[in-house]
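Please read the structure below before turning to the comments.
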Amino acid sequence: MSQLTSFLLVLSLCAFAPLCFSSKTKGGYLYPQFYDHSCPKAQEIVRSVLAKAVAKEARMAASILRLHFHDCFVQGCDASLLLDSSGTIASEKRANPNRNSARGFEVLDEIKSALEKECPRTVSCADLLAISARDSTVLRGGPSWEVLLGRRDSRSASLSGSNNNIPAPNNTFQTILTKFKRQGLDIVDLVALSGKGSNALAYALQIGSFNFKTCSLLSSNEIALNIDWTKLDNNVTDMIFFIIYLGSHTIGNARCTSFRQRLYNQSGNGQPDYTLDQSYAAQLKTRCPKSGGDQNLFFLDYVSPTKFDNYYYKNILASKGLLNSDQVLLTKNEGSRELVKKYAENSQLFFEQFAKSMVKMGNISPLTGSRGEIRKNCRKVNS
């Protein structure tokens with residue numbers, strides 16, 4: 001490549017640089033420095049309150065992370081999940097995926113109260129939830145990422161949206177993928193280039209493996225993820241995000257009701273799910289009987305339940321994924337099976353992609369500019 005061509009290429013990449021630190025949304029941009037002047041201690045306050053809550057109860061980290069997922073999948077990342085029922089609002093907390101399981105709202109109340117004292121009506125509930133999700137991950141040993149900020153809070157909730165859009169533990173592989181596609185999650189954070197003599201690979205190497213989709217240089221791990229994409233189905237982009245999303249099951253718990261059918265009646269014929277390791281199933285049955293014990297809690301990752309790591313994927317390979325939505329990654333699709341193996345082998349690869357996917361999910365339909373509001377109390381719209 002000539003010196004002139006190289007110079008022009010670098011110049012072109014620089015032109016894209018401002019976009020690499022912000023995300024364009026309808027009505028404005030999200031960017032990490034949004035509160036640098038209006039509330040410079042915002043992230044410090046969130047981290048401080050959350051750290052105390054997680055130190056008191058390790059499970060709280062997973063609970064907060066789950067709230068962020070469930071919020072973003074309904075109307076976008078707008079804190080609609082945090083609204084209580086009122087005369088005009090049917091709370092999403094009453095939806096099947098959230099009822100008797102969504103928790104951590106009191107911790108978010110405490111964070112919001114501290115933020116209001118420091119800088120009244122400045123930091124949105126949607127942003128404090130996004131920051132809290134990142135910090136919850138870090139506090140349990142997981143990766144960190146730069147949170148894009150500037151979201152505003154919705155004045156409405158969608159009970160039906162929660163019931164229809166949030167993936168359920170007993171959904172089929174294809175159903176969950178469809179729910180991801182509804183959110184526009186069709187751009188792959190992880191770009192794998194393979195194939196000897198591939199024009200795409202040659203071009204990537206010429207420009208230093210620069211990924212225009214993530215505005216970053218591809219790591220050696222990304223290039224090393226040598227999957228033959230011709231063998232994967234058309235849902236591969238959604239699949240990768242789906243697999244990363246389920247990777248958050250490395251921390252947290254599930255109730256007996258969410259996996260009981262696997263133990264006793266997987267397909268409606270009175271037979272268990274034989275893809276579940278039978279010794280593991282026997283252990284689960286001791287506290288999850290055919291009837292009763294609905295609310296009994298079980299670790300999603302029985303090996304390292306409070307540590308954010310890649311044992312979730314290792315457990316799946318051992319046929320010890322707790323939920324049906326976990327184990328189908330291994331049994332229902334060749335592409336997902338290969339990716340599970342990769343993440344089980346390489347925790348750094350999983351961490352890098354999880355961070356990128358969290359940023360992408362945080363960009364689902366946020367309210368910006370003059371849309372929405374900055375709630376004073378996350379549980380109710382401003383009067």
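Cβ coordinates come from backbone N, Cα and C, glycine included.
Caution: TrEMBL annotation is automatic and unverified by curators.
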Cys72: disulphide-linked cysteine among Cys39, Cys77 [source: TrEMBL]: Cys77
Record TrEMBL, residue Cys119, disulfide partner from Cys39, Cys215: Cys39
Recorded disulfide partner - Cys378, candidates Cys125, Cys215, Cys256, source TrEMBL: Cys125
Residue among Cys215, Cys256 that, according to TrEMBL, closes a disulfide with Cys288: Cys256
Ca(2+) 2 site shell beyond Thr250, Asp301, Asp309, criterion: Cβ within 8 Å of Cβ centroid: His249, Ile251, Leu300, Val303, Ser304, Pro305, Lys307, Phe308, Asn310, Tyr311, Tyr312
Euclidean distance between Cα atoms of Cys119 (disulfide bond) and Cys288 (disulfide bond), Å: 47
Of the binding-site residues listed as Asp78, Glu92, Asp301, the one whose CA lies nearest the CA of Cys378 (disulfide bond): Asp78
Under 8 Å by Cβ from Thr250 (Ca(2+) 2 binding site), counting only residues of that chain that are 6 or more apart: Gly142, Leu300, Asp301, Ser304, Lys307, Phe308, Asp309, Asn310, Tyr311, Tyr312
Fewest other Cβ within 10 angstroms of its own Cβ, chosen from the recorded positions Val74, Cys119, Cys125, Cys256: Cys119
Least surrounded among the disulfide-bonded residues, given as Cys39, Cys72, Cys77, Cys288, Cys378, when other CB atoms within 10 Å are counted: Cys39
